[in-house]
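Q: A single structure is presented below for examination.
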Amino acid sequence: MNILVVKTPEELAEAGYKLIKEVVKSKENPTLGMATGSSPLGIYAEMRKNKLDTSHATTVNLDEYVNLPHEDKNSYHYFMQEQLFDHLPFKQTYVPNGMASDLEEECKRYEGILVANPVDLQILGIGENGHIGFNEPGTPFNSPTNIVELTESTRQANLRFFENEEDVPTHAITMGIGSIMKAKQILLVAMGSKKAEAIKELLQGEYSEACPATVLQRHPNVTVIADPEALSLCSEAIADEHRQVFTISDLLSDSRVGETAN
């Protein structure tokens with residue numbers, strides 16, 4: 001697992017963008033797994049600013065709220081249109097349909113899309129409790145795309161995007177952990193002390209469904225981009241090894257900088 005330590009959101013955005021650009025430019029028909037929320041915003045801004053040619057790329061999104069119309073400003077359909085799809089051309093884009101009349105069938109349909117479009121690079125954030133996508137603690141590591149009931153902590157974390165607490169959706173469709181693990185490469189981004197406990201579990205915690213992110217310990221190609229605050233609860237050995245700023249060029253040149261032993 002490669003750890004890239006950055007000092008600012010701008011450095012995180014630039015590093016994440018360069019990793020995405022490398023995948024997009026090196027693949028004939030790349031598939032990008034897209035995340036939403038605040039974590040990837042800077043990366044998407046870099047993609048827009050640099051007018052990255054994504055005309056040959058397909059995107060698949062991690063998740064979507066249930067019963068939130070696509071035109072609602074808090075839906076992930078709307079988010080992706082605002083952040084990327086209205087600005088850059090893509091070969092094809094896919095977001096789960098949380099308005100589907102048969103949600104179980106929608107999960108099967110979306111899992112089929114993932115099988116037909118193997119993900120080259122999956123972008124992830126990480127929840128304070130270690131969730132990835134909307135896969136909460138206790139989710140089986142082999143889970144496919146599924147419907148989840150959002151925990152109170154996740155709903156509270158997302159409350160800032162809504163006017164009232166009752167407006168925050170209670171359910172979502174999410175790629176399962178098993179689906180996420182099929183990606184050829186994973187980029188996880190985290191900033192701030194609120195993510196410190198989750199990052200500690202990811203890097204040195206027990207491999208356990210109690211912390212969904214620990215599944216990444218078994219993935220062969222993961223890059224974590226984090227700031228010192230997000231790494232602040234890691235052991236001294238981890239801190240000594242990673243508390244310096246490496247460049248994304250090191251990662252792109254197959255350097256073993258910041259590689260953790262699992």
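The backbone N, Cα and C atoms fix where each Cβ goes, and this holds for glycine too.
Copied straight from Swiss-Prot:
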type	residues	note
ACT_SITE	Asp63	active site, proton acceptor
ACT_SITE	Asn129	active site, for ring-opening step
ACT_SITE	His131	active site, proton acceptor
ACT_SITE	Glu136	active site, for ring-opening step
Q: Does anything in the same chain, at least 6 positions from Glu136 (active site, for ring-opening step), have a Cβ under 8 Å from its Cβ, and if so what?
A: Asn129, Val148, Leu150, Thr151, Thr154, Pro212
Q: Which site among Asp63, Asn129, His131 has the most other CB atoms no more than 10 Å from its CB, taking these as active-site residues?
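A: Checking each of Asp63, Asn129, His131, the winner is His131.
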Q: Roughly how many Å lie between the Cα atoms of Asp63 (active site, proton acceptor) and His131 (active site, proton acceptor), rounded to a whole value?
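A: The Cα atom of Asp63 (active site, proton acceptor) is 13 Å away from the Cα atom of His131 (active site, proton acceptor).
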